[in-house]
Amino acid sequence: MSNQWKRELAKAFKDPQELLAYLQIDPQAESKVAGKPLLSKSNFPMLVPQHFAELMEKGNIDDPLLLQVLPFSHELVQDPEFVLQPLDEQDNFIPVKNIVHKYQDRMLFLPKGGCAVNCRYCFRRNFPYDELGSSKEQWQEALDYAYKQNISELILSGGDPLMMNDKEFTWLSEQIISRNLTANPKVDRLRIHSRLPVVLPARINEQFLATCQSLAEAGVKVIWVSHINHPQEISLTLQEKFKLLQQAGVVLLNQSVLLRGVNDSVEVLEALSRKLFAHGVLPYYLHLLDKVEGSTHFYLNDTQALALYAQLQEQTSGYLVPKLAREEVGNKHKTLYTSN
Ligand SMILES: *Cc1c(COP(=O)(O)O)cnc(C)c1O
Ligand code: SF4
């Protein structure tokens, strides 16, 4: 059972035509938001696991989940403000392989390139993942560096860090637990930024949960920041997994990206927050889109975003309102926006 997620990933939709046929959508149909489906191969290929496709509405080319993952003609729109590497990470913040160091008490460790889904708005869609080290020696080196920087939190990012297999995740956890015995300060939080379980809930298997439990027992808080943009993504299977993660001591947070046509309405944002909370997940960040090439049709400008955010604040409890944030090059934290 433990490798079920890998088998599911191997069977993911890779051909837009096949996904459209499964969804009973005419390949000539046109989305209001994104234009016509792009059926030819792209250098950022489509990748959509079956579980995620099952959550889409049949016959609806403007389905909010489909819009996030199907290549559309509006990706070809060029705008000088939308660039290949909006955050310029590769030139500035990579002291050793697999590490992005831009924050003070915490550091990003990127164990793996690649994801289980290719989100069309992804700001790392052009990240040089090929340059990531994948040997244990390289990971050791990255951890050596991290432990020398007086951090208290290690953030697993990617790509998608849960592309690690169970053995690798357990190895990494054991490294943290044993290094903590002599470290000062200790790394007492391990944060996992991952969208993988949203598209492949089977990733949350027994071995993963057992490793989370061991970390908890060794005094390391595990935090999973899920990347869910729309309430329809929270399947019954995922809800079960949230429960198991909480039982294993994992704290659940969510971050979303504000996307035109997907979640740019106060109704959807409120429904998302409520559904997350109902299953034990706190809304953490609502990101403004990073201007990556190919994503112009998803973009809302600051005025539009702030108007929406003000409505959300009026409408619901403070803890259901995620922080509205933008990542800016050279900043030691995100830029937060307030509506007044
Ligand atoms: C912003 C960000 C962080 C740092 O997160 P904080 O919650 O602000 O500490 C880490 N990883 C990713 C991918 C981020 O976008
Ligand atoms: S899961 Fe995250 S890193 Fe991967 S393609 Fe989607 S947005 Fe990008």
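Even glycines carry a Cβ here, placed using N, Cα and C.
Since this is a predicted model, take the numbers as computed values, not measurements.
As recorded in TrEMBL, the features of this protein are as follows:
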- CYS115, CYS119, CYS122: [4Fe-4S] cluster binding site (BINDING)
- 101-339: domain 'Radical SAM core' (DOMAIN)
- LYS334: N6-(pyridoxal phosphate)lysine (MOD_RES)
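For the recorded site, CYS115 ([4Fe-4S] cluster binding site), the DSSP three-state label reads coil. Under 6 Å, Cβ to nearest atom of ligand 1: this is the test, and of the recorded positions CYS115, CYS119, LYS334 it is passed by LYS334. Note on CYS122 ([4Fe-4S] cluster binding site): other Cβ atoms within 10 Å of its Cβ, all shown chains, come to 20. Computed over the domain 'Radical SAM core' (101-339), the whole-number mean pLDDT of the model equals 95. Residue pair CYS115 ([4Fe-4S] cluster binding site) / LYS334 (N6-(pyridoxal phosphate)lysine) shows a Cα separation of 24 Å.
The Cβ of LYS334 (N6-(pyridoxal phosphate)lysine) has TYR285, LYS323, ALA325, ARG326, GLU327, GLU328 as same-chain neighbours under 8 Å, each 6 or more residues away in sequence. Neighbours of the [4Fe-4S] cluster site: apart from CYS115, CYS119, CYS122, residues of the same chain with C-beta atoms within 8 angstroms of the site's C-beta centroid are VAL117, ASN118, ARG120, TYR121, ARG124, ARG125, ASP160, ARG195. Taking Cβ-Cβ distances under 8 Å and a sequence gap of 6 or more within the same chain, the neighbours of CYS119 ([4Fe-4S] cluster binding site) are GLN68, VAL69, ARG195. For the recorded site, CYS122 ([4Fe-4S] cluster binding site), the DSSP three-state label reads coil. All protein chains considered, the CB of CYS115 ([4Fe-4S] cluster binding site) has 23 other CB atoms within 10 Å.
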